[in-house]
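One structure is given here, and the rest of the page talks about it.
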């Protein structure tokens, strides 16, 4: 019979109170990366608009490499904390520049959807496979081993960037970017960002609290703690690749269903009495977050095209901020809520939040284009037309007479 955490069955880890305190410390360690990433993101957005995407991506790789090596050899909580914060800076550079680069290379909506699906698949594969990979390597090879493997992979990535992207060229965005403050006032962008934030908060809260709950109630051996996340990683990969293609047609519906499923899956997690009981809820969670992420990222690019100027650094900085808010608020409050109310209640709270937020995705069904905005802009600054594309760019496309005329009239 499943026992309550107060009376651990024989053979389970003694010291429930110690574990409860660890919830908070581990939560803070998890959250530090996301908090730093939150602070750095807007600056990276601005930087990419100034100098292009290639150099920031390379800076990101360099910082990530340093922090990974530091993890391998850190012995104290403080050093781990610093390494984790450095990781946040690196992540910020890599993800904002990477997503912006994709959005500018694939202007076509359906191509962009599938490209983002693949890229997010990679991002999430890291987030989710990290747990099982780390716990198995830690148990069977040693503490430093997972980090050294990662450092080696990071070096490979850096070499590829040097060969393919040549990150020395400065290529600023041709379009003048919309300032972050304007984008943050756009209700449609806020709804999309909120969906990203709340759906990812589910996984963010599970990562530090689920292993400790498993130790308290299931007496799980070390390697199982990370394996619990494997179903989530596999189904997330399937989700992002499947829905990246569909997102173009009905992204709002994908994310609405996704958020509802995230909520329901989280509500089912505390019902599990052993690791096999976690397979269903975690697989559902991964799949649903895949649905939300892969439909929201292209929608973000589409909203900027539709309602603002097509420079993507800032909007993907906002998307990444939303992502990080989930991963910052999640672990830091999760640990505290577990201490106050217990793990099952934490799942109920986050699950209910997601289910309640889901209907808001309906607003993204057909967001209005910005005709009114164009009119306001032309009154404010008659000098500068919105589609500030350089003349050569217009010449490159084989435009017919009439579309050329339309381009000059400001469409």
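Note: Cβ is positioned from N, Cα and C throughout, glycine not excepted.
Just so you know, TrEMBL annotations never went through curation; they're auto-generated.
Here TrEMBL flags 399-411 as compositional bias 'Acidic residues'.
Look at TrEMBL and you will find 1-369 tagged as domain 'Major facilitator superfamily (MFS) profile'.
The region 'Disordered' annotation in TrEMBL covers 387-411.
If you look up TrEMBL, you'll see 58-83 (among others) marked as transmembrane segment.
The transmembrane segment feature in TrEMBL is assigned to 89-106 (among others). Within the same chain, residues 33, 36-37, 40-41, 44-45, 48, 53-54, 56-57, 59-67, 112, 115-116, 119, 123, 173, 297, 301, 312-313, 316-317, 319-320, 323 sit at least 6 positions outside the transmembrane segment (89-106) and bring their C-beta atoms closer than 8 Å to a C-beta of that stretch.
Sequence annotations record features per position, and here TrEMBL assigns transmembrane segment to 118-138 (among others).
What TrEMBL records for 144-165 (among others) is transmembrane segment.
Marked as transmembrane segment by TrEMBL: 186-206 (among others).
Annotation comment: TrEMBL describes 226-247 (among others) as transmembrane segment.
Annotated transmembrane segment per TrEMBL: 259-279 (among others), in sequence order. With a threshold of 8 Å between CB atoms, the same-chain residues lying at least 6 positions outside the transmembrane segment (259-279) that come near it are 2, 195, 198-199, 202, 206, 210, 214, 217-218, 220, 224, 227-228, 231, 285, 287-289, 291-292, 343-344, 347-348, 350-358, 361.
Counting residues 6+ beyond its ends, the transmembrane segment (285-304) has Cβ neighbours under 8 Å at 99, 103, 109, 112-113, 116-117, 120-121, 124, 128, 178, 183, 186, 188-189, 192-193, 195-196, 199-200, 202-203, 206, 231-244, 246-248, 251-252, 254-255, 257-262, 265-266, 269, 310-312, 315-316, 318-319, 364, 367 in the same chain. Here TrEMBL flags 285-304 (among others) as transmembrane segment.
Residues or ranges marked as transmembrane segment in TrEMBL: 311-330 (among others). Away from its own ends, the transmembrane segment (311-330) comes close to residues 30-31, 33-35, 37-38, 41-42, 44-49, 53, 88, 92, 95-97, 99-100, 103-104, 173, 175-180, 183-184, 189, 192-194, 196-205, 207, 296-297, 300-301, 303-304 of its chain (Cβ-Cβ under 8 Å, at least six residues beyond either end).
Residues 5, 187-188, 191-192, 194-195, 198-199, 201-202, 205, 209-210, 213, 251-253, 255-257, 259-260, 262-267, 269-270, 299, 334 of the same chain lie 6+ residues outside the transmembrane segment (342-364) yet bring a C-beta within less than 8 angstroms of a C-beta in it. Annotated transmembrane segment per TrEMBL: 342-364 (among others), in sequence order.
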